[in-house]
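Single-structure report; data block below.
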Amino acid sequence: MSDESSRDRDPASPLPHLTGSGEAHIVDVGEKPATRRVAVAEGWIRLSEAAFAALQAGELKKGDALGTARIAGLMAAKRTADLVPLCHPVALSHAEVTLTPETATHRVECRVRTETTGPTGVEMEALTAVQTALLTVYDMCKGLDRGMEIGGVRLVHKRGGRSGHWGDDPG
């Protein structure tokens, strides 16, 4: 067992989650100031024409896929630290999951916005929420279509913290 603490790592290292000896640890954010943090992530799931029609008509055997996926995304945002080993638990001040069916492409577009005031960002919470919401749509539609495709999952933008603003969205 190593007695090297997280404070013994090379501060210039581009990999702050690794100690000097290469062991993974949770980064110490205790001295970082609490700032407003916002992240937006997105992705989509493409369904067959039949599965998309059933989803739109509310005829899925498992029930309301979009409502269930929205709740699943919110739950995932709150539980990200339980799923991703080196993520800090974050007290979210806001999380919003939007699911939009796109008839022309038979896709359901998912967009998640997460917010907090704290020492660490909420990008992972937004990304985890998107993936979980889309997986929930898959689960609820798989009886009609096992060939669904999930894609386009990405961080759209983030704001706050030492690195400031990043991404496509100016707001």
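A Cβ is built for glycine as well, from the same backbone N, Cα and C atoms used for every other residue.
Positions annotated as active site by TrEMBL: Asp139. Under the heading substrate binding site, TrEMBL lists Leu86, Cys87, His88, Met124, Glu125. Positions annotated as compositional bias 'Basic and acidic residues' by TrEMBL: 1-11. Among the features that TrEMBL reports, domain 'Molybdopterin cofactor biosynthesis C (MoaC)' is placed at 27-161.
Location within the structure of each feature annotated in TrEMBL.
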residue : record                 : Cβ contacts under 8 Å, 6 or more apart
Cys87   : substrate binding site : Thr80, Ala81, Met124
His88   : substrate binding site : Ile26, Val27, Val29, Ala81, Thr120
Glu125  : substrate binding site : Ala39, Ala77, Lys78, Thr80, Val90, Leu92, Ala95, Thr114
Asp139  : active site            : Lys62
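Helix, strand and coil residue tallies for the domain 'Molybdopterin cofactor biosynthesis C (MoaC)' (27-161), in that order: 46 helix, 44 strand, 45 coil [DSSP]. With the fewest other C-beta atoms within 10 Å around its C-beta, Leu86 stands out among the binding-site residues Leu86, Met124. Each residue in Thr80, Ala81, Val84, Pro89, Val90, Thr120 lies on the same chain as Leu86, Cys87, His88, Met124, Glu125 and has a C-beta within 8 Å of the C-beta centroid of that substrate site, without being one of the site residues. The substrate-binding residues named in the record, Leu86, Cys87, His88, Met124, Glu125, extend over a maximum Cα to Cα distance of 12 Å.
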